[in-house]
Amino acid sequence: MEGISTLENCFDTDWVCSSNEAVKIRFVRPLSETDNEHDETKVKEFTPEFTYPIFGDKEQIFGYKNLSIKLYYASGSLTTYFDVTYDKKAPLADNAVERIKEFIPNDFITNYDTFLQTIKSDSENFRPMGEKFSEYRLNDDDDRATFVTPRFKEFHRRLQIFVLFYIEAGSYIDEDDDKWEIALIFEKKTVGDSKVYSIVGYCTMYMYYFLTGTGNSNENHTNAHNKPPLHLSINQGGQIRDNIRVRISQFLILPHYQREGHGNKFYQALYQSFLADPRIKEITVEDSSDRFQEIRDKNDIRFLRENRALEDLKAPVDKNVFNELQKKYKLNKRQMARCIEIELLRNLNKTDPVAYKAYRLQVKQRLYLWNEDILRQLDRAERIQKLEETFKGLEEDYYSIILQL
């Protein structure tokens, strides 16, 4: 009977907590030369946006009172301090410790004093891995690495859990597939006589083979586990040497560095590196979130305008002109079309019925071709209505981008 009573108590709301609120994240770095002083990012603690890959769709943990799951990270090496505390635990409680341990490497530290000693060691010894490919005015370094880069595989195993925490439907990538490349941002600060590096964010990229004639790549139709379709990849188990279609898979700025301009700077650095790499023929994005699509639109259009690529364009844009722009700036067809459509709308006189009709027809033609399989199932009247609704929604999105340019 006692077991039954305990089980009933576990279903009381007092014994149920949100896993998003229970997980506490901190990034810790040295504050000064004094051994026992540490900057815990202004003592700010972060919680994940998502934990359903770990704790299930309801994002709840049963059987604890005042549960706290601490994941503290050395800001550079991401050496991990892991601790779980609670006031009370029921015998039938979820095993929160084992759930988390499935998703983090087993080299975590459970003694906080030992963890703080690691923070000090980081300031003296940790340096970013990979090859530096950019540096921008916020004093952050960008590096590129693969899973054969020394020290990177271990580092990535600590880093990847943030994909689950902050990217909806995010999942781990296959570290045995050497066609993955990862770009990292590190903040560099001087503490005493040392250069201290702190991870700011990262981006995973998959290097497909660029098949001639496949420029109409559909960014939003990929499988759920970041695995490339076999018919679009070559040299299974080996690096692709040239003719690359790079697909940005995961793009993340860690929460304590968000809203400081790092996302824009990081994307700009990546795009410039892609343009400068003669192996890369096209840039695509996997299942772009609204936030990333906004970053991408703004920065692509700004770059195209700075290079006067979109000057004097009018709808309908000649197909040859479109293809030349796409080839030169390495944007896939959908993104090139979005940039052109946004710029055309910015310069459009909507009181000119002829010009506005030409613009609508160009956009709707693209939307129809993009969604042809679905639209062909509708009768003509429904098809026209659906296209008009989609066009109006897209036009509203474009205006919101224009206001930020």
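Using N, Cα and C of the backbone, Cβ positions are placed for all residues, glycine too.
TrEMBL labels come from automatic prediction, so no person has curated them.
Here is what TrEMBL records for this protein:
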type     : residues         : note
ACT_SITE : E286             : active site, proton donor/acceptor
BINDING  : F251, L252, I253 : acetyl-CoA binding site
DOMAIN   : 15-168           : domain 'Histone acetyl transferase HAT1 N-terminal'
SITE     : W180             : site 'Interaction with histone H4 N-terminus'
Stretch-averaged pLDDT - the domain 'Histone acetyl transferase HAT1 N-terminal' (15-168): 88
Proximal but sequence-remote residues of the same chain as F251 (acetyl-CoA binding site) (Cβ under 8 Å, at least 6 apart): G201, C203, G263, F266, Y267, F292
Extra residues within 8 Å (Cβ to Cβ centroid of F251, L252, I253), acetyl-CoA: Y166, I167, G201, Y202, C203, Q250, L254, G263, F266, F292
Integer Cα-Cα distance in angstrom, W180 (site 'Interaction with histone H4 N-terminus') to I253 (acetyl-CoA binding site): 19
Cβ packing number for W180 (site 'Interaction with histone H4 N-terminus'), 10 Å threshold: 20
Whole-number Å value for how far L252 (acetyl-CoA binding site) lies from E286 (active site, proton donor/acceptor) (Cα to Cα): 13
All-chain count of other Cβ atoms within 10 Å of I253 (acetyl-CoA binding site): 23
Recorded positions (L252, E286), the one with most neighbouring Cβ atoms at 10 Å: L252
